[in-house]
Amino acid sequence: MPRPSPTPSPAPSPAALSAHRSGPRSAPLVLSLGEPAGIGPDIALAAWARRAAVEVPPFLVAGDLDVLAARARQLGLAVPLVAAAPEEAAGRFGEALPVFPAGPSATATPGRPDASSAPCVLASLDAALGLVTSGRAAALVTNPLAKSVMYAAGFAFPGHTEYLAARAAAAGLPAPYPVMMIWSPLLAVVPATIHIPYRDVPRQLTYDLLVETGRIVARDMVRRFGIARPRLAFCGLNPHAGEDGTLGSEDENVVRPAVAALRREGIEATGPLPADTLFHPEARAGYDVAVGMYHDQVLIPAKTLAFHEGVNVTLGLPFIRTSPDHGTAFAIAGTGRADPSSLMAALRLARRLADAEDGLRRQDGPDQESRDQGRRAVPA
Ligand SMILES: NC(=O)C1=CN([C@@H]2O[C@H](COP(=O)(O)OP(=O)(O)OC[C@H]3O[C@@H](n4cnc5c(N)ncnc54)[C@H](O)[C@@H]3O)[C@@H](O)[C@H]2O)C=CC1
Ligand SMILES: NCC(=O)COP(=O)(O)O
């Protein structure tokens, strides 16, 4: 079988550009399908099935309806599906799971991923992105994709975080730098470096990266999360935050000056702090966001404390994007064992952030609204 090459769709859509006029408050959330051989379809169906019991905001899935229908049959879930435009989704959500048909079908069976799914994954993501940047959907929620599957098919980005920022920037939207945050009511963390090999961390951990990350986190915590003076705790890179420079130089030479620069800008930043003692309850009470130097330093405590409540939020994007904090969980795809709680938390947080953004836009007044209407949408 020829290897599919996932190609982002290039052409701008005039209809999408003008549709930004619709206000997010009236628009539903859009969920990408994610890796079809993983648990994305399972948790989308389960979230809809529990919509009344646990308050799930209306959403529609962008992607292949047949994948969802087949998974519902396999799981024995009576979830009616309806092809719908975003404008119809909220009205249909009570009776059926709305699906915005997009892209080719996938042939991979649950638990057995192969690169043939990549075009289906990417078409769903691009369609969802187009809906959110054109204002037809209020926020983007992404189901997990399998990075190795996408890489094998030629996908040139480490993950959603970097892909979405690149697409926004290519469309002329302001996307300075994408910042990954794993958020739960217990703990919010940001890895300053994201999906890179460990050996590259010290080299990529620069003063500029930390200052820019701190600025974006502080700004989004104020604007989107409503925390008036967010407290940012920066982990050290080395054991004991370098023990005054005796256990590595990065803490003194890179992290401390970056924290000082953020403080001069009025941002409440502290650090470098020893990471091993930053996550017990008393320590957590002292900050709003822990900024880690590498992925696992902060994702391990976040997922250990709140795996099923955790939400992956991308800060620094010109639109709202959330995601469950977990991956494709191939071993349990199609078995009925996938817990949809993290997806439901991602949907609820996306709704909350979109409503907050909408309120701010209204406060900013008609000038801001007309600037927003002039924004370029990322083509679906
Ligand atoms: N946002 C995204 O697109 C993400 C994608 N991934 C991708 O997922 C793939 C698998 O990654 P893993 O490291 O194995 O992590 P994983 O999160 O898929 O699985 C880790 C463990 O947690 C369990 N698990 C995960 N979600 C669950 C749920 N909703 N209910 C019950 N149990 C659940 C799995 O069965 C497994 O035992 C990789 O290809 C990775 O790239 C991982 C994280 C995020
Ligand atoms: N470990 C989190 C993760 O892999 C999520 O990546 P992304 O696809 O949201 O960029």
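Quick reminder: no glycine exception, Cβ is built from N, Cα and C everywhere.
Curation does not apply to TrEMBL; its annotations are automatic.
Look at TrEMBL and you will find 1-23, 355-380 tagged as region 'Disordered'. Feature annotation from TrEMBL assigns compositional bias 'Pro residues' to 1-13. The substrate binding site feature in TrEMBL is assigned to His160, Thr161, Lys303, Asn312, Arg321. Look at TrEMBL and you will find His195, His240, His295 tagged as divalent metal cation binding site.
Separating the Cα atoms of Asn312 (substrate binding site) and His195 (divalent metal cation binding site) is a whole-number distance of 14 Å. Reduced to three states, the DSSP call for His195 (divalent metal cation binding site) is coil. The shortest Cα-Cα distance from Lys303 (substrate binding site) to any of the binding-site residues (His195, His240, His295) is found for His295. Counting only the Cα atoms, the space from Thr161 (substrate binding site) to His195 (divalent metal cation binding site) is about 10 angstrom. Separation of the C-alpha atoms of His240 (divalent metal cation binding site) and His160 (substrate binding site): 33 Å, rounded to the nearest whole number.
Of the listed binding-site residues His160, His195, His240, the Cβ environment within 10 Å is emptiest of other Cβ atoms at His195. Listed in sequence order, the residues of the same chain lying 6 or more apart from His295 (divalent metal cation binding site) and placing their CB within less than 8 Å of its CB are Pro191, Thr193, Ile194, His195.
Ligand 2 lies under 6 Å from the Cβ of the following binding-site residues, listed in sequence order from Thr161, His240, Lys303, Asn312, Arg321: Thr161, Asn312.
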